[in-house]
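Enquirer: Have a look at the structure that comes next, please.
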Amino acid sequence: MRGAVWAARRRAGQQWPRSPGPGPGPPPPPPLLLLLLLLLGGASAQYSSDLCSWKGSGLTREARSKEVEQVYLRCSAGSVEWMYPTGALIVNLRPNTFSPAQNLTVCIKPFRDSSGANIYLEKTGELRLLVRDIRGEPGQVQCFSLEQGGLFVEATPQQDISRRTTGFQYELMSGQRGLDLHVLSAPCRPCSDTEVLLAICTSDFVVRGFIEDVTHVPEQQVSVIYLRVNRLHRQKSRVFQPAPEDSGHWLGHVTTLLQCGVRPGHGEFLFTGHVHFGEAQLGCAPRFSDFQRMYRKAEEMGINPCEINME
């Protein structure tokens, strides 16, 4: 029997996830049992009609007869909404243009009222918990390289699933757009000179200005930083708007993690970052005098990845 399972696994080209390493977190489903169900017809492929978003229910006859559903989405942005979750979903994300997996970054943001399932990053049978099923918690953006794996969504045991819906938005972006995602491994550390110089080239916004105020929002685990900008090098989605007094300045706000402990600071900064799910998120933000030093040094060495007007 064991040999037959492994032979079937090789033919299917897919292994079922194994348990994560030591640490807190709910256990994944029994791997051998669900592997057998998957290989013996317990999984189905669900293709979204618009290839960007998927909405399904665990109460349909087809879903109840299967432990695992495969969902295929081919788009740069969209959403997944799973009502009355039972069993598990494997969500396969791909862009609508050809691009190698190692050059793609995926960001997901759970719906605020999402509940009923845990969301894992899965690759070659290993699971890493991304989003725990905690009802009412604010959805934190999670980003990872597509090369690191795909999404495995596992329903958690519930006595009453009638009020449960698991859902999230997703975005796929090129690896260069994701260069500010060094914050995943060390979310509050300062950027290196190299990371700052690359952020200048790839960020959705690059502005020079001052911190006017900082508001901490514990229930969302974020800090909101209000900026007065005196030089707008680049922006998308109109994050910064002209000041009402027509003073040649722009006003706007960006967010960062509450755990970073951002406070109002004196002096001029260069702010960079990306817009995810309509929200401007802070990336690298060196003091402008420090940026001038590193930029001129790179310019002298001829290693600037791109140019910016320093005046």
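The first residue you see is number 1, and the count goes up from there.
Glycine residues also receive a Cβ, built from the backbone N, Cα and C atoms like all the rest.
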Enquirer: Can you sort out which of CYS107, CYS188 is the disulfide partner Swiss-Prot gives for CYS143?
Expert: CYS107
Enquirer: Choosing among CYS75, CYS188, CYS191, which residue does Swiss-Prot name as bonded to CYS260 by a disulfide?
Expert: CYS188
Enquirer: Between the Cα atoms of CYS107 (disulfide bond) and CYS75 (disulfide bond), what distance do you get, rounded to the nearest Å?
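Expert: A Cα-Cα distance of 13 Å.
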Enquirer: From the recorded positions CYS52, ASN103, CYS260, pick the residue whose C-alpha lies nearest to the C-alpha of CYS306 (disulfide bond).
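Expert: Out of the listed candidates, the nearest Cα belongs to ASN103.
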Enquirer: Among CYS143, CYS188, CYS284, these being the disulfide-bonded residues, pick the one whose CA is nearest to that of CYS201 (disulfide bond).
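Expert: Checking each of CYS143, CYS188, CYS284 against CYS201 (disulfide bond), the shortest Cα distance is to CYS284.
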